[in-house]
Structure formats: C-alpha cells, structure tokens
Amino acid sequence: MLFLWLYMFYSCAGSCAATRGSPAAGEESSPEEHRAAPDAASPISSFFNGSGSKRLPQAIIIGVKKGGTRALLEFLRVHPDVRAVGAEPHFFDRNYERGLAWYRDLMPRTLEGQITMEKTPSYFVTKEAPARISSMSKGTKLIVVVRDPVTRAISDYTQTLSKKPDIPTFESLTFKNRTTGLIDTSWSAIQIGIYAKHLENWLLYFPIGQILFVSGERLISDPAGELGRVQDFLGLKRIITDKHFYFNKTKGFPCLKKAEGSSKPHCLGKTKGRTHPDIDQEVVQRLRDFYRPFNMKFYQMTGQDFGWD
C-alpha cells in the first residue's frame, strides 16, 4: 500500500504542480514566472503549496538612479526567499492611476515565507511616492542605494550621453552661470544627489528605522558585507556571502559566480560600468563644495557617514 501511495504521489507531483502553476484562461504569465530560478518551488513543495500567489511587495528599492540599484537587485535575487520583478514597474510615479490590482499582477508568485520585491530608483525623488506607498502599506520596508553625489551625477550624464551624443557638456549643464559659480539645481543629474532634501519627504510618512541606506561604494568594494546588512534588514537568513561573488577587473566591479536560475557566472550588462568622460576638475571641486552641507545633513539624518568629500 505504501509503495502504491508513493508511486501516485511522485507521478502527480510534477503534473499537479504544473496544473496549479498554469495561468488561468485568458491570463498572460510574465517572463519572471517562466524563468527557472533558485527560489522556484520544488515538485514536493509545489504539491503541498501550489505555485504560490501574487502579493504586493513587502520591500521596495526606492533609489537612487545610478547608485547601484540594479546590482543590488540582481544580487538579492540569488536568495531563495526573495522574488522580485525584473523590470522597473514605475507604479508609484508613472502608473499609479492603474490601481493596486494592476500593480499586484506585475509581481512574481511567491510561496509562504518568501519576500516580494521591486525596484524603481525614481521613487526616491518623486514627491507623491512616500504617501502612495504608505497608503498601500505603512509596514513596507524601503531600501535606498546612495553614492557620492558628484560621481553619481557624472554617471547619470554619461548614461544620457550614450543615448544623445549631441547634448551639451557636463560643465555647461552644471551651472546656471559658470562665472558666478551658481549651480543649476533644476538639472535632474544635480538635483537627485541632494539626498537630505528628498529624505525629508519620506520621513513624513516612514520612520527612519524602516529605511535602509546601502552604500553604492561598499556594494562594489564589499558586496557580501552590504548584502549581509540588507538580508538582516529584510529578516532573511544570511545566505548570500563572499562565496557568491568574484571581482571582474575588466568591468571594475563584483559579479555573481552564479546568477538566478543559472549555473554560469553573471556580470551586469554593458550599460553598467561605462567609462566616464573627463570632467574639468574645477567643476568637480565646485560640485563637491556645493554638496558638502547637504551630505553632512544626510549623515546626521541617517546616522551613517558615507565618506564623500
């Protein structure tokens, strides 16, 4: 009798799980759900738990652009208890009128105990985003990847330059009037780096302890250390460690020995780690002087000294 039951169990495990995991008639499944992943349910767990369900995210990487958010997301997706949307949903800044049901449907299916995540770096600088996320759930955990604002601005400009080679120089865009040294804070590349100003808006809706600030610099120099902090913050077991990384000297940043759903090493694409153009050092110094008081305030607000100067 026992052997008959085991035969029926293992015969059903694959087909039952596949049936439960299939989309309903007329429902399109996302590429995220089709991609093999280390956190995909095994046949036995699928037999008992089904293919999971779509949930609103319990944690969101909210910023900042060109800070290292893609690297953090890719690193986190190695963890078996993290499921994340690959593309940026831009729900709380561009698609809010579509409603929470639309947003939830973008999420990958998760099993009990797994965390649903997404990342959209522009949330951090979107005035309406804090109130909207708080309205969804006051308990949402927020992660901000920050980077030296001067380096971040140059990286931002480099990305735009790769798409629009005919744009004005970085130096000319930096100033409203170069003679007087007046910085143009309306330029998004400059404005994003005034972290203290943006954080004030978030603290109207979330306590500081509910926001984790990740150093973009340490994410490169010590990825396992920063990932340890992130895993602790999310209440996850520290599974992602030094053994998951190797340093790629060509690209100049760490890569994964095995990416999500793959047995092969994985580095971020060619759009990451672009060579920055040479910028007039006088302009760089003026920007450092401009950001310094904002950086000091940001250090005080977060209780962290990021060492930018």
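One is the number of the first residue shown, and numbering goes on along the chain from there.
Glycine residues also receive a Cβ, built from the backbone N, Cα and C atoms like all the rest.
The feature signal peptide is assigned by TrEMBL to 1-18.
According to TrEMBL, the feature region 'Disordered' maps to 21-42.
What TrEMBL records for 57-292 is domain 'Sulfotransferase'.
Annotation source TrEMBL lists active site, for sulfotransferase activity at Lys66.
For Lys66 (active site, for sulfotransferase activity), the number of other Cβ atoms no farther than 10 Å from its own Cβ, over all displayed protein chains, is 23. Sequence annotations record features per position, and here TrEMBL assigns 3'-phosphoadenylyl sulfate binding site to Lys66, Gly67, Gly68, Thr69, Arg70, Arg147, Ser155, Lys272, Gly273, Arg274, Thr275, His276.
For Cys267 (disulfide bond), the count of additional Cβ atoms within 10 Å of its Cβ stands at 18 [all protein chains shown]. Residues or ranges marked as disulfide bond by TrEMBL: Cys255-Cys267.
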Is it possible to get the count of other C-beta atoms within 10 angstroms of the C-beta of Cys255 (disulfide bond)? 20
Minimal Cβ count within 10 Å, across the binding-site residues Ser155, Thr275, points to Thr275
Which recorded positions (Lys66, Cys255, Cys267) fall within 10 Å of Ser155 (3'-phosphoadenylyl sulfate binding site) by Cα distance? Lys66
Enter the number of other CB atoms within 10 angstroms of the CB of Arg70 (3'-phosphoadenylyl sulfate binding site). 19
Spacing of the two Cα atoms, Gly68 (3'-phosphoadenylyl sulfate binding site) and Cys267 (disulfide bond), in whole angstrom, works out to 13
Distance [Cα-Cα, Å, rounded] between Cys267 (disulfide bond) and Arg70 (3'-phosphoadenylyl sulfate binding site): 11
